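Annotation source TrEMBL lists cyanocob(III)alamin binding site at Thr49, Ser50, Tyr51, Tyr52, Gln53, Asp93, Asn142, Gln187, Trp302, Gln303, Leu304, Leu312, Trp334. The feature disulfide bond is assigned by TrEMBL to Cys62-Cys104. What TrEMBL records for 1-22 is signal peptide.
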Amino acid sequence: PHTGRLALYLLGLQATCPAASAPRSLVTWLKYYLEEDWTGTRRHGHPLTSYYQYGLGVLALCVHHKRVREEVIRRLLTAQRHGRLGHGGNAVDTEAVVALAFTCLERRRLVETELAAELRAAAHGASRSMAETQGPDGVIGNIYSTPWALQVFLATGSCQTEPAFGQAMAAMLENLEAFGTAATMAQVLPVLHGRSYLDIASMHCQEEPDTLTPLDMEPLAEVPGNKTVQLVVECPLPWCYELRLYDRPVAVPASASLLDVLQAAAALDPPDFKFHTQDTPQGPFLTQVLGLEARREKRNYWQLLSAPNTPLQMGIADYRPQDGETLILRLSEW
């Protein structure tokens, strides 16, 4: 089911102040996708896509002032209460999307009073949980999850009393260059204006001036010279018996991204390195290295690290390694 993609499209459509409301067929399709998505629990114990996409679907319907069946809402509420949203990994963005959906349903009065109280308590609980997981650098989860957490602080009103809000905002402002895709920009822009996705539901479009102008994007300046990056691939137990599968220096232009490094490694002779990516709204996502595929059913993924153990805060197309840096691709569990 295309739950998340359609939900994001409907949120964006509403935010552009369209002359007419969204086509009913799109909203109907989203409701259908939510039901189809949930059939995954019979086999996997979670939606076919993810709780993140499922939560986005509920949020988009609420922003469009559409009622959601109580059973659909309680599926999310139960998952949150039992700690299933993160599947044991970093789930800040998922918790945030779900908290925003809960707050929207409660604020728009689209649920009964008793359920509204439960949703309000759950959203405030998520806000406190995010504050507790904040790192010393102010980041909550990772740099891409931080705008989601900030939206929750704004939506629940805890931004006025929670010290984590100011620290997270400072961290985000220091890393604005990380948000280079349309999807990541869309998460940051509301926060920069002190808003959240919930504000889309109450926009007064007749008051919005037509001030949109095309933006001329300047290409990144070319940096002269070359650099060498040490590329390492690690696969721990239980997936592999040998931890280090690849360890080789790769020479690339000085302005090269991690994706450029991977492509250069694949072109080396002998051709002993190969990889595959999947296109996502946030850019290419690493799915396979040396024939080893990260799969949702196995609850693993390819983690990107700067040696010895620092997780990268950007994707493979955005991160630009330093000369002499060692980058590790590690098959990890979530």
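Positions of Cβ are set from backbone N, Cα and C atoms, glycine also.
Keep in mind that TrEMBL annotations are predicted by a computer and have not been checked by a curator.
Positions of TrEMBL features highlighted on the structure.
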| residue | record | CB count, 10 Å |
| --- | --- | --- |
| Thr49 | cyanocob(III)alamin binding site | 20 |
| Tyr51 | cyanocob(III)alamin binding site | 23 |
| Gln53 | cyanocob(III)alamin binding site | 23 |
| Cys62 | disulfide bond | 26 |
| Cys104 | disulfide bond | 26 |
| Asn142 | cyanocob(III)alamin binding site | 16 |
| Trp302 | cyanocob(III)alamin binding site | 21 |
| Leu304 | cyanocob(III)alamin binding site | 20 |
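On a Cα basis, Cys104 (disulfide bond) lies 16 Å away from Gln53 (cyanocob(III)alamin binding site). On the backbone, the CA of Tyr51 (cyanocob(III)alamin binding site) and the CA of Cys104 (disulfide bond) stand 17 Å apart.
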